[in-house]
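Read the structure below first, then the notes.
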Amino acid sequence: MGKEKTHINIVVIGHVDSGKSTTTGHLIYKCGGIDKRTIEKFEKEAQEMGKGSFKYAWVLDKLKAERERGITIDIALWKFETAKFYVTIIDAPGHRDFIKNMITGTSQADCAVLVVACGTGEFEAGISKNGQTREHALLAQTLGVKQMIVACNKMDSTEPPFSEKRFEEIITEVKSFIKKIGYNPATIPFVPISGFNGDNMLEPSANMSWYKGWSVERKEGNASGKTLLEALDCIIPPQRPTDRPLRLPLQDVYKIGGIGTVPVGRVETGVIKPGMVVTFAPQNVTTEVKSVEMHHESLPEAQPGDNVGFNVKNVSVKDIRRGSVCSDSKNDPAKESKSFTAQVIVMNHPGQIGAGYTPVLDCHTAHIACKFAELKEKVDRRTGKKVEDPPKFLKSGDAGIVELIPTKPLCVEAFTDYAPLGRFAVRDMRQTVAVGVIKGVTKDDGSGGKVTKSAAKKK
């Protein structure tokens, strides 16, 4: 057995008809976890329904439909392999929870693949004021997806087909707008493809002999190649934040007979191990960790990404709950957030947001109403320039800096300190109306909390 490949997550973004499904379907189909039987079944159905031309998208639509209906389909279907990586597609933007998932960090993408359609008129529609191309790219940037690949799709439908002039025209335009939102075009591969016919997907295309390949320059090393698959292989794998102080947002707290209180959650940063003295915020309860378990096996130490249960001494189920954050009491312990400033993007709010608006925020596992206490400034979402300060209102499409005050105790962190605890979705009227990234937090000084005996002994 060789060394297991590194796992990376990608998110595929772009305008509604850019061909995301076909492109993604093609990768999964050719390099992925779908077995031949399933593919043949899908193909036969597609043929019978006269959808033969949608072969790859059809594969994806079937998966999506099953996922939408809540059938837990084999998750391997959303994975494929490159020479270096196991790649998981964490979400397709057509999926209604896409934005919420990106923010609440069920999924942090390592790289965004931006698909743009190159057909006559298609690119222009996607990148227009109302198109989703810019919005998705801005969202990826705001949520801290640092790497990007641009797939210039539908090269087979340019005039004339596979036109070099059209490709150049499009990448000039895309470079200009992604630069405005904060990406450096020199670090981004631009690949002309046909997701449907397979040009430059896995093998270099004979139809675009003019294309000399993509190349990127970055501090981790330069890279070049010809295909989309090679571009995916050049993603810089994420550094797991093991060396940061512990942050573990609780998903649940169980009371288990004969054992006691067992909080459960995913380690986001740092490590947790038996014997450690931990503090739960915002409750400010300090205690000792007796044992740490994953998949019913006890662990000497759990690391970022691990979903664990751990047993704590002398803490009742009433003391802590879902949304509490577990931290190392000796290393930058988590504290209650009295207020915080955030950059927000208003997505689909029917009216306008003004001071006093109090919707529910989903941040890590917490779900708590927070008041927009003050709108500090408005930012043009296309240029990132300040427009008017302080604005009276923010409406759909606006971005701004706001001050938020939780209505109940809450623990969040600045995005730059602890990214998974620094992104949030604003929920109202059963939908995501805005997303945000936390710039700074005013914390409670944390005096006068409950400390159990065993924790006090260890101090």
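Note: Cβ is positioned from N, Cα and C throughout, glycine not excepted.
Per Swiss-Prot, the listed range annotated as region 'G3' is 91-94 (candidates: 91-94, 215-218, 427-430). Listed ranges 70-74, 205-209, 245-249, 290-294; the one Swiss-Prot annotates as region 'G2' is 70-74.
Swiss-Prot assigns the feature region 'G1' to residues 14-21, out of the candidate ranges 14-21, 382-389, 446-453.
As annotated in Swiss-Prot, region 'G4' covers the listed stretch 153-156 rather than the other ranges in 153-156, 265-268, 273-276. Tertiary proximity for the region 'G4' (153-156) is limited to same-chain residues at least six positions away from its ends with a CB under 8 Å from its CB atoms, namely 18-19, 22-23, 115-119, 122, 162-163, 166-167, 192-197, 199-200, 207-208. Across the structure, Glu301 (5-glutamyl glycerylphosphorylethanolamine) and Glu374 (5-glutamyl glycerylphosphorylethanolamine) are spaced 42 Å apart at their Cα atoms. For the domain 'tr-type G' (5-242), the model's average pLDDT works out to 80. Proximity of Glu374 (5-glutamyl glycerylphosphorylethanolamine) to non-local residues of its own chain (separation of 6 or more, Cβ distance below 8 Å) is seen for Ala355, Pro390, Val402, Glu403, given in sequence order.
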